[in-house]
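J.: Next up is a structure, given as structure tokens.
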Amino acid sequence: MASVDVTTDVIILTQTVVGLLGNFSLFCHYIILYFTGYRSRSTDVILQHLIVANFLTLLSKGVPQTMAAFGWEYSPSDFGCKMIFFLHRVGRGVSMGSICLLSVFQVITISPQNSRWAELKAKAPQHIVPSMCLCWMLQMLVNVVFPVNITGKYSDKNITNRRDFGYCSALRYDETRSILLALLLLLPDVSCLGLMLWASGSMVFLLYRHKQQVQHIRRNIISPRSSPESRATRTILLLVSSFVSFYTLACTFQLVLTLFGNPSWVLVKITVVMAAWFPTVSPFLLMSRDLTVHRIYIAWIRNAQSPTVRRNL
């Protein structure tokens, strides 16, 4: 058991450091795009909100878990525990909402001109920012139950019926109230997952139909290249599939954690590891699929190898 405990500690530390560096790199990428005059895409706003949500998810759970795992004296106050769990849940929910909105927006973008989505193509970019603001407000409203139920482990409140989560604890309710609370928290998640799966299926169908329509044209092209819409769609499909996979694993461990009245510290840390995979991996997926990253890098290399520089070598 000690070896498992040490392994999870190392994984949590690695996830936190790598995830924060990856999201910070993606954040710097958008700053460079802004100051270098690249034309921003409509989806960049959604991805910027995704970066903020990833930061919240990693900082709220990864940093405290890392501090506690390596023996640092860390016992957050009652208010600190409430904020840690609240920010983690909001960040996780906004991350899901961002991927959902991104996939739905891409379906509208790549839909044919004669489809029922044609009228929304011009209006969709105008609704991105209000939709993201609505997503933040909805997640804050739904997850307000966590500041109510979470207390510090060493809180002054005389509460005997608690569930220990290491450095924080939660109130334990009766079965009926627990089920109602779980349904309240699952409703936005299930809705977003349903929209993501529908949008993913629609994108796959539209890409397949487009491929069949232009197949005879591509045969006559020596070096065929996929369109920007196709590349963006594949990137979003990769994000959706990654999110659904990691979310399923995280929910499975969260369900196991809920079934135990007093879960072990190792099980709590494994649940944190599963919940942090997507915020850690997603920025690298986005940067690897974004051609502007490679263009900026190539431009930087060319500037570094200018004739003046080469003469001085």
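Glycine is no exception: its Cβ is also placed from the backbone N, Cα and C atoms.
Owing to the predicted nature of the structure, the values given are computational and were not obtained by experimental measurement.
What TrEMBL shows for this protein is this:
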type     : residues : note
DOMAIN   : 24-286   : domain 'G-protein coupled receptors family 1 profile'
TRANSMEM : 12-33    : transmembrane segment
TRANSMEM : 83-108   : transmembrane segment
TRANSMEM : 128-146  : transmembrane segment
TRANSMEM : 179-208  : transmembrane segment
TRANSMEM : 235-260  : transmembrane segment
TRANSMEM : 266-286  : transmembrane segment
J.: Taking a Cβ cut-off under 8 Å, which residues six or more beyond the ends of the transmembrane segment (83-108) line up next to it in the same chain?
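T.: Sequence-remote neighbours of the transmembrane segment (83-108) are 42-43, 46-47, 49-50, 52-57, 59-61, 64, 76, 117, 120-121, 124, 128, 131-132, 135-136, 138-140, 142-144, 146-147, 150, 168, 188-189, 192-193, 195-196, 199-200, 202-203, 206, 232-233, 236, 239-240, 243, 247, 275, 278-279.
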J.: Going through 179-208, 235-260, 266-286 one by one, which has the most CB pairs that fall under 8 Å from the transmembrane segment (12-33)?
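T.: It is 266-286 that shares the most Cβ pairs under 8 Å with the transmembrane segment (12-33).
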J.: Across the domain 'G-protein coupled receptors family 1 profile' (24-286), what does the pLDDT come to on average, as a whole number?
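T.: Averaging the confidence scores along the domain 'G-protein coupled receptors family 1 profile' (24-286) gives 78.
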J.: Cβ under 8 Å to the transmembrane segment (179-208), counting only same-chain residues 6 or more beyond its ends: which ones?
T.: 93, 96-97, 99-100, 103-104, 106-107, 110-112, 138-139, 142-143, 145, 173, 230, 233-234, 236-237, 240-241, 243-244, 247, 258
